[in-house]
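Database features, via TrEMBL:
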- 106-133: coiled coil (COILED)
- 137-149: compositional bias 'Low complexity' (COMPBIAS)
- 13-96: domain 'Disease resistance N-terminal' (DOMAIN)
- 333-456: domain 'R13L1/DRL21-like LRR repeat region' (DOMAIN)
- 134-154: region 'Disordered' (REGION)
Amino acid sequence: MAELIVSVVVVPIVENVISTIASLINERVALVQGLKTDAEKLSSRLTSIQAVLKEAEKTQLENLLIRDWLAKLKNATLYAEDVLDTLATKAALSNRRPAVHNIGYQQDAALKIKEILARIDDINEEKNQFDLKIESDGGSSQEESQTSGFVDTDDVNDNSSCTTSQDCRHVSLLCEDVEQSVVLSIAENSENLRTLLFHRKYLKNFSDQVLEGLFRKLKYLRMLDLSNSTLSVLPSSIEELKLLRYLNLSKTDIKVLPNSICNLYNLQTLKLLGCLWLSKLPKDLGNLVNLRNLELEDMFWFKSSTLLPRIGNLTGLQNLHAFQVGRKSGYGIEELKNMAYLTGTLHISKLENAINAGDAKLNEKKNLDKLVLEWSIRGVNPKDVSDDEKLLKDLQPHSILTELQILNYMGNNFPNWITSGQIQNLQTLTLNGCTGCRILSLAQIPRLRILNIKRMPELEKWSDETCLSLCRLKISCCEKLSELPQHLLNVEDMKIKKCFSLKSLPVTPSLKFLILDDNPVLEDFNEQVVHNSTEPHSTLGDLLEVKIINCPKLQALPEFFAPKKLEISGCELMTGLAIPDLSQRLQHLALNGCQDETLVRAIPDSSSMYSLVISNISNLISFTRWPNLPGLKALYISNCKDLVSLSGEGSLISFSSLELLSIRGCSKLESLPDEGLPTELKCLIIVSCSSLKSLGTKGALKSLNSLKDLHIEDCPLLLSFPEDGLPTSLQHLHIQDCPSLTQQCGTEDVQGPEWPKIRNIPDREILIQISQRRKLGIFHSVAVEGLT
């Protein structure tokens with residue numbers, strides 16, 4: 001087989017080595033006699049080589065001697081990179097130790113640099129034979145290619161074919177079943193390895209000793225992925241991997257991280273996603289000063305009760321979902337001061353412990369999208385009111401912030417940076433548990449689209465102002481709020497719950513979703529007109545869904561309401577649905593908890609309605625009139641305790657498109673209509689009708705040639721099916737907690753008088769009570785399923 005020739009790319013490695021040398025020269029390690037001179041010589045040699053690298057990389061496939069020279073240079077510079085990174089790490093750590101402990105490693109650094117210099121000198125001399133052109137930028141036109149080692153199943157099963165070597169830098173184990181000895185052999189023969197990736201669940205049977213051996217041997221490892229394994233204990237020897245930049249422990253069974261992990265000075269990414277058993281982080285995590293990405297599930301921050309000291313040392317950290325303010329040194333809000341690169345969401349809690357909130361410098365954190373400011377729930381204290389107001393004033397975020405949540409704030413007023421619109425990009429605002437605020441003014445927030453107000457018991461007034469950008473509004477548990485602004489012209493989604501003083505609600509044609517829940521004094525709607533509308537008196541044509549629950553004083557819907565989905569529950573005074581366009585738009589209607597049948601009788605004729613729910617209607621004895629609903633597909637009737645008959649002047653047969661009929665909890669219903677059911681019915685469900693004795697006269701069910709499912713449950717008085725049996729189309733029969741009917745059906749072994757009517761149904765499920773099993777001679781099973 002012809003040899004595959006792969007180009008060698010060296011430029012990025014050389015650039016990194018030169019940069020590392022420069023940083024070493026600036027460290028006090030350079031004070032060692034001769035080291036600074038040798039380091040400068042090494043940088044000079046590499047710069048000389050760098051000048052011809054672009055030309056060398058272009059011509060290497062034409063001249064294999066150049067390619068071999070590049071390979072030699074790559075190996076040398078990779079080795080130099082490993083050594084210099086190690087020295088740089090030791091130099092950085094030396095600043096934390098007394099000088100007497102640093103003499104040994106400084107002398108070692110001098111020897112290592114001399115060794116590298118000699119090797120690079122030889123390579124520099126060798127380049128002169130190639131007559132390479134000098135390029136001014138020395139850059140590479142190719143992407144860096146990695147020296148890789150992929151170990152597949154065949155290679156692992158044959159130890160002799162394992163091709164790892166000292167030049168191998170990257171290994172991915174792509175097979176599942178590998179002996180531990182083979183992995184140790186790979187580590188033994190590839191001590192310069194930089195990347196080690198394991199197959200999913202590969203570490204299932206690995207011992208701690210094996211991992212310790214790997215960690216102690218692979219001292220130059222930069223990337224380690226142990227995710228998706230059953231790893232439960234991470235050996236403390238992880239600290240041996242001084243150069244590690246990336247560690248992935250996601251979806252493992254780890255419960256505790258060893259504190260030694262905090263000695264990984266170079267670690268930039270620590271992934272702990274999906275670690276369900278992990279509840280706290282190591283106490284010295286603040287030592288990981290180069291950490292940029294700490295990836296944890298959001299839920300971790302809620303279940304973790306341990307605060308992290310000196311988290312402010314992680315000045316490069318980009319994601320810190322939650323920060324709990326403490327009173328002790330190392331736990332204060334000032335820890336956030338220098339964390340300028342935080343992105344995404346930041347949730348600061350226990351703000352009552354903060355002293356100088358301005359020290360957090362939130363106004364300098366321009367990469368934050370969402371900020372949550374939370375105090376703990378406390379009793380009323382005048383001092384807390386003034387303290388909270390000062391704290392919130394000092395916690396002004398950057399103007400680019402898009403979402404702000406303020407929780408359990410006890411101040412009487414909000415600071416100017418909120419009310420005067422200084423956060424120009426703010427789109428979502430949540431005020432939850434702000435118990436002291438009485439008047440709210442938000443007109444100056446120009447881009448506010450979503451507003452959530454919850455648990456503000458003292459809020460009395462929201463200033464009458466125009467909020468043109470607002471499109472979603474949710475207000476709940478504001479007991480004293482008596483009115484809303486009249487100019488919420490573009491609100492599309494509105495939910496108002498437990499506002500005990502609100503009497504009138506402004507609505508506009510832009511509304512699409514409306515939920516009103518437990519507003520006891522709400523009486524009417526104030527219909528707002530958009531002045532530039534070409535049809536100021538048109539219906540709310542975009543209205544999709546309206547739910548009104550427990551609003552007992554509300555008597556009628558707005559004249560122009562015509563939603564596609566309408567649910568009304570516990571509205572005792574509402575008696576009509578006389579809305580002009582409702583019959584053409586309404587698709588789903590649910591009526592629940594009305595005092596009498598008045599509202600049921602008001603159901604309009606509709607060609608568009610396909611679903612109707614009638615539940616908990618008191619004094620409803622029969623349906624004296626069924627509306628004309630030619631498109632109705634599903635009818636649900638439940639918990640109508642006084643219902644005796646499903647027929648009156650009209651008949652269910654008129655529902656020519658009905659496919660599903662569900663009747664539940666109608667304790668006085670004795671029989672299905674004698675005239676039968678709609679002929680297109682596919683599914684019939686009857687549950688908890690304790691007085692039901694008959695499923696109709698002859699032909700009532702037999703004629704339903706589309707019926708496929710019949711579910712009967714908790715109907716103790718039902719004895720039999722109609723005289724002429726069930727339709728041949730029936731595919732599924734479920735009978736449960738119907739002792740009389742069950743006994744009449746029997747089983748194939750102990751057949752009852754009703755058995756011939758059900759014997760040919762393909763799927764039968766008859767759940768038999770223990771007392772009935774004895775009567776039928778069944779002792780081995782509670783359920784008889786799929787009888788044949």
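Cβ from N, Cα, C; glycine included.
Those TrEMBL annotations? Automatic predictions, nothing curated.
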(request) For the domain 'Disease resistance N-terminal' (13-96), provide the mean pLDDT of the predicted model. (result) 77
(request) Write out how many residues of the domain 'R13L1/DRL21-like LRR repeat region' (333-456) are helix, how many strand and how many coil, based on DSSP. (result) 31 helix, 30 strand, 63 coil
(message) Just to be sure I understand, if DSSP states are collapsed into helix, strand and coil, how many residues of the domain 'Disease resistance N-terminal' (13-96) fall in each?
(response) 74 helix, 0 strand, 10 coil
